[in-house]
């Protein structure tokens, strides 16, 4: 397996784009893999393709649309009203059950066929919005499972696991891509590029993080 190459699970959003450039700094060769999972806003994949082109990394897309049909969630179901806050005692309906499990499992198979053992994902337990598949315990467990399942030595890297959105913006700035991430990524649950709609949960988290980082930077 090639220890100088990494595969980034890449959506074209703030977190995965930060991880893409983090991977470029830490590995000699980087691949980016995006997924069509039945999301309402498939524009994100085209933006991901363009960002990967600018980053000069190899880009691929896998169609896993069946994931969106397995359970109800507001990111794939056009009839569902999006939760604006995390409901008490349950995950928000923006949670796509099994998404990170499927993405990382498929990414591992994709990586294995190319001799890659480093996988990079932008999950964060600090700002995980209540999603169970963004927790460190899940990632560590899946890492062990993938290695046992394929008799390989995969390493799942989570550069954002223990940092909040303000610190994620700080990392983007350190990597020299703050403006690119602010203007060219798509994090908004309503499918609006850049600063987004400004009021969905993803935009709120992103905006508050940026404001906190810029305030600290300008002190």
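A Cβ is built for glycine as well, from the same backbone N, Cα and C atoms used for every other residue.
For reference, Swiss-Prot has these:
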BINDING   10, 11, 12, 13, 14, 15, 16, 17, 18, 19, 20  ATP binding site
BINDING   188, 197, 200, 203  Zn(2+) binding site
Residues close to ATP site centre defined by 10, 11, 12, 13, 14, 15, 16, 17, 18, 19, 20, Cβ within 8 Å: 8, 48, 51, 122, 181, 185
Cα within 10 Å of residue 20 (ATP binding site) - qualifying binding-site residues among 188, 197, 200, 203: none
Integer Cα-Cα distance in angstrom, residue 203 (Zn(2+) binding site) to residue 12 (ATP binding site): 15
Pairwise Cα distance for residue 12 (ATP binding site)/residue 188 (Zn(2+) binding site) [Å, integer]: 11
Integer Å distance between the CA atoms belonging to residue 14 (ATP binding site) and residue 197 (Zn(2+) binding site): 15
Cα proximity to residue 188 (Zn(2+) binding site), best match among binding-site residues 10, 14, 16, 18: 14
